[in-house]
Amino acid sequence: MNTLFMHCRPGFEGEVCAEISEHAALLGVAGYAKGKPQSACAEFVCTEPDGAQRLMHELRFAQLIFPRQWARGAFVELPETDRISVLLEHLADLPVCGSLWLEVLDSNEGKELSTFCRKFEVPLRKALEKAGRLVDDARRPRLLLTFISGRRVFLGLAEADNSALWPMGIPRLKFPREAPSRSTLKLEEAWHQFIPREQWEQRLNDDMTGVDLGASPGGWTYQLVKRGMLVTAIDNGPMAESLMDTGLVTHLMADGFTWKPKHTVDWMVCDIVEKPARTASLIETWLGEGLCREAVVNLKLPMKQRHAEVRKLLDRMEAGFKERKVKVSIACKQLYHDREEVTCHLRRLDLKPH
């Protein structure tokens, strides 16, 4: 159980390796990271037997930016027939699990294996329950089986409350037909990622005001309108008629980087294609000056040193808020619907809700 296995967006294996190595060094967990380019996964192999468990115990999964899912465990080679007996053998020394997820990688090979996983899950679940290895209990660890092929699986464990919200970290969101662009799913996923479901009524409701910087044609505005908010859309480009017809949107032809609201708004969202450092200073201004209470903003990533750049900008924002003596929580994740970008969520903790 000395390997930490992580899923990620294909092409971001290096970022996962850099990020987990940094955390491991800070926590004094010895080991090395490896990830094949475009494989959609990376590993951190610990030199001590309890290394992976220590990492998962000391870190919150939500702190990690690039991994989509994680599990501690080991690879198991499977025979062509009677895979279940081999898995049961390996599970004998592990704790009884409280849930089971079968996962595949976000690659063409992974997609081909998903049918096999669907068929295999039913008999496997029955066998695990019969053997007393699987019970229905959220407090127990989750058993995560990531199939690399029909003959090779990563047999891993993770705590249900300290791992991805969805299998492989991939949300099943349906594209709403009336939304003006596919980017709408990025913001919807961000709500799920950063705001506990039981707080949606309180933090995303129709008494609120929102601003969408760089709004055209309105993919992100659509999500704010769907929650019943009054939205100011800032963009020199056109907005979708369907959004304007709701009567909830005011469209101002202005530059998203210079426009400011007269009063504090509840939400600012921004998905502008711009150098990440410029977007980061925009975030600093909006939260630092109390122009908004919460924000979801995308940072577009450079081609190289992507983890280092994100880390630098997050540290800079944190230092900026400290200097201004304002309390802001900062979270950052590469969402499933993100491409060469990460999504930041920020919240002023010292502003009274309206």
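In case you wondered, yes, glycine gets a Cβ from its N, Cα and C as well.
What Swiss-Prot annotates here:
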- Lys300: active site, proton acceptor (ACT_SITE)
- Ser183, Ser216, Pro217, Gly218, Gly219, Asp235, Asp255, Asp271: S-adenosyl-L-methionine binding site (BINDING)
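Structure with Swiss-Prot features highlighted.
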residue	record	Cβ neighbours (10 Å)
Ser183	S-adenosyl-L-methionine binding site	17
Ser216	S-adenosyl-L-methionine binding site	19
Pro217	S-adenosyl-L-methionine binding site	19
Gly218	S-adenosyl-L-methionine binding site	29
Gly219	S-adenosyl-L-methionine binding site	22
Asp235	S-adenosyl-L-methionine binding site	22
Asp255	S-adenosyl-L-methionine binding site	11
Asp271	S-adenosyl-L-methionine binding site	23
Lys300	active site, proton acceptor	17
Structural state of Lys300 (active site, proton acceptor), classified by DSSP into three states: strand
Max pairwise CA distance, angstrom, over record-listed S-adenosyl-L-methionine binders Ser183, Ser216, Pro217, Gly218, Gly219, Asp235, Asp255, Asp271: 20
Residue pair Asp271 (S-adenosyl-L-methionine binding site), the residue listed as 'active site, proton acceptor' - Cα distance, angstrom, rounded: 9
Three-state secondary structure, Gly219 (S-adenosyl-L-methionine binding site) (per DSSP): helix
